[in-house]
Amino acid sequence: MNKSEAQKEARKQAAQDAELEAALGYTFQDKGLLARALTHSSLAYEQTAQTATPAAARATGKSSEARTRRSPLEDNEQLEFLGDAVLGLIVAEALYRAHPEMSEGQLTRLRSALVSRKHMGQVAHRLHLGTYLRMGRGEERSGGRKKPALLANAAEALIAAVYLDAAGITGPCETALTAARAIIERHVIEPSLPSLLQEASRGTSIGDHKSALQEFLQSEHRGQPEYVVTGQSGPDHHKRFLVEVRLPGKAGAPGTALARGIGGTKKHAEQEAARRALRKLQAAPRPTRKAEKAPREPQEPA
């Protein structure tokens, strides 16, 4: 890349950064933090591998193996770790202050829904984070810009970047939390909390369907649910899991199948199975004492 091309690329990057900052509602003093929050590990690995040639090894005195060791400071994985903690704290505090009338269980389910991978993926989608992500060519070819888990990770990394940027400017932790709180309230809590509260008022389970199912079964004295992976399909980068939720049988007898769910991860499939089971049980006039017929297996979406 010559000097002219480099300048053009720098201007393009600056324009994209400004566009995202406007949507986010925060201007970074340290643009490096913003860049790191948007850098997927696949790009860091790819760039490191490109420099791990025999000629480069001879020039630096390092082996190719040593040169391919990726620094954790080159991508957003550490920021994701911090962002997850900051997100959980601020959401928990906001719910605690806004809804003192709620039980611990209700607050936990609301928090779980707001900080879940699914919801954070939706937050990232609203911010169009996929457009700004920096990733390796292989990840991009596999549809990385649209992967909910990857987008959710980037959203959490972005929260950490805001927190660290504000802390770097002023120093006090409280100021950093204030900056992160403004972002989280604007993009995570305010757009989704009203609908979650409406669902709760209608008695609909929210967020953590597994916990809601367990509470329902405990109230009916029907035991603890069990989750069993009964199948999986698809390539490694797009796995689909089939999970069945069951009530344990007595004295070694087979368990009673309640429902099945399909998801891109085992956890997602378990949540879907729990959601289906709870809906089925709540619609029944009373808990049945007979072994229920195994539910029809849901068809894989086309």
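Just so it is clear, glycine is given a Cβ too, placed from its N, Cα and C backbone atoms.
TrEMBL does not curate its annotations; it predicts them automatically.
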Worksheet item: To which of the residue ranges 49-75, 211-237 does TrEMBL assign the term region 'Disordered'?
Response: 49-75
Worksheet item: Which of these, GLU77, GLU80, GLU93, GLU101, does TrEMBL list as part of the Mg(2+) site with ASN153, GLU156?
Response: GLU80
Worksheet item: When you average the Cβ positions of GLU80, ASN153, GLU156 for the Mg(2+) site, which other residues in that chain have a Cβ within 8 Å of that mean position?
Response: ASN76, GLU77, LEU79, PHE81, GLY83, ASP84, MET120, ALA152, ALA154, ALA155, ALA157, ALA160
Worksheet entry | Neighbour tally for GLU80 (Mg(2+) binding site), based on other Cβ positions within 10 Å of its Cβ | 19
Discussion item. Need one number: mean pLDDT over the domain 'DRBM' (208-283).
Written reply: 87
